[in-house]
Amino acid sequence: MAESSTAAPEATQHLPEAEETEAELINAQVDDLILKADELEKKVIEVVNFYEKKQGGVNAKGTSLPIKDKASATSHSTNAVNNSASTSNNKPPAEGAHKDAACSKRMQDLMRQFGTMLRQITTHKWAWPFLQPVDVEGLGLHDYYEIIKKPMDIGTIQNRMEGKDEVNRYKNVREIYADVRLVFKNAMRYNDETNDVHVMAKTLLEKFEEKWLQLLPKVIEEETRQKEEEAQVSANIMIAQEASISRLARETDNELCELSLRLKELRQMAIESCRKMTSEEKRKLGTGLSNLSPEDLNKALEIIAQDNPKFQYTAEEVDLDMDAQSELTLWRLKFFVREAHERQTRNNNNNNNSATKGDDASKRKREICDALAKSAKKRGKKQSP
């Protein structure tokens with residue numbers, strides 16, 4: 001596709017002045033096709049990456065995009081998914097909002113039940129040491145923070161449950177359960193087993209665990225239900241994404257077919273616009289081909305085979321008749337040969353420059369070594385009696 005799109009400007013660059021308008025028209029169409037091809041390439045990459053990610057693979061090799069293009073592709077994908085979500089998912093948005101509200105209501109109900117259970121603990125006659133933060137300075141507990149890394153008290157827990165602490169607000173019942181256990185575990189860790197506070201904390205923890213076991217089945221049921229709903233939401237999102245990508249793939253395939261058709265039309269226009277190459281130009285072209293490197297010569301023969309499928313360019317001996325080639329092929333060959341020779345000249349110059357730099361460095365190194373040797377010889381003569 002790329003070679004076909006570059007053939008047109010090559011041919012039109014050598015049109016007579018009277019046909020400059022036609023040449024400009026062809027060049028404009030080529031520029032338009034190049035932009036279109038770039039857009040289609042991004043879409044193809046997006047489709048390929050989606051299915052590779054779905055299959056657990058990695059992103060396609062050689063399909064990296066500049067940051068700007070990646071942002072554009074991501075934005076396109078997001079918009080497409082959003083546009084298709086309402087059609088791919090049979091459930092209306094109102095139903096999803098209703099499910100979220102129901103889930104929130106169930107969780108709030110569990111928290112209320114947990115709050116009732118916690119109040120039963122706090123009304124116990126031994127609960128008073130744990131209702132407020134430990135007065136570390138007042139009690140002279142200088143090593144408290146060395147032993148207790150995360151202090152906790154029931155008063156702080158209740159504030160979070162009531163929403164007074166927006167930053168550390170609890171998201172679910174298990175978070176509250178963990179903090180209540182932490183209150184009593186901290187007291188048991190800091191105070192030895194013979195201490196009254198240790199005994200009080202241990203007793204209240206046992207009572208709390210008994211009550212928690214009564215609530216736990218409801219907690220597990222709600223957690224399971226939430227996981228199932230989250231899995232369903234993820235599945236719906238994937239269905240919407242796949243529907244969007246599938247539609248994008250179909251649209252891209254149609255656009256690629258249209259682009260291919262336009263390339264064929266443009267190629268035919270370029271052929272009709274090519275002036276005939278003179279015999280002298282063909283002779284110089286043949287000489288240029290014979291001076292190509294084996295790799296470039298194979299590429300040149302491939303150009304010929306593209307326009308002439310019967311041409312056996314892989315044979316050991318190739319008989320090339322310049323007069324039998326189309327004007328488009330001849331012009332493509334001419335510009336390919338010129339570019340190959342220019343590239344070879346640049347490489348040779350770079351090699352020569354590198355060699356010159358290497359020789360200069362070696363010469364400088366020898367001069368330094370000679371100077372050092374002479375200095376050492378002079379010092380030796382001065383030191384001798």
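For all residues, glycine too, the Cβ spot is worked out from N, Cα and C.
TrEMBL: automatically predicted annotations, no manual curation.
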Which range of 1-21, 148-168, 274-294 is region 'Disordered', per TrEMBL: 1-21
Secondary structure content, the domain 'NET' (267-348) (per DSSP, counts of residues): 58 helix, 0 strand, 24 coil
The domain 'Bromo' (122-198): DSSP-derived helix, strand, coil residue counts: 37 helix, 0 strand, 40 coil
Local confidence of the domain 'NET' (267-348) - pLDDT mean: 82
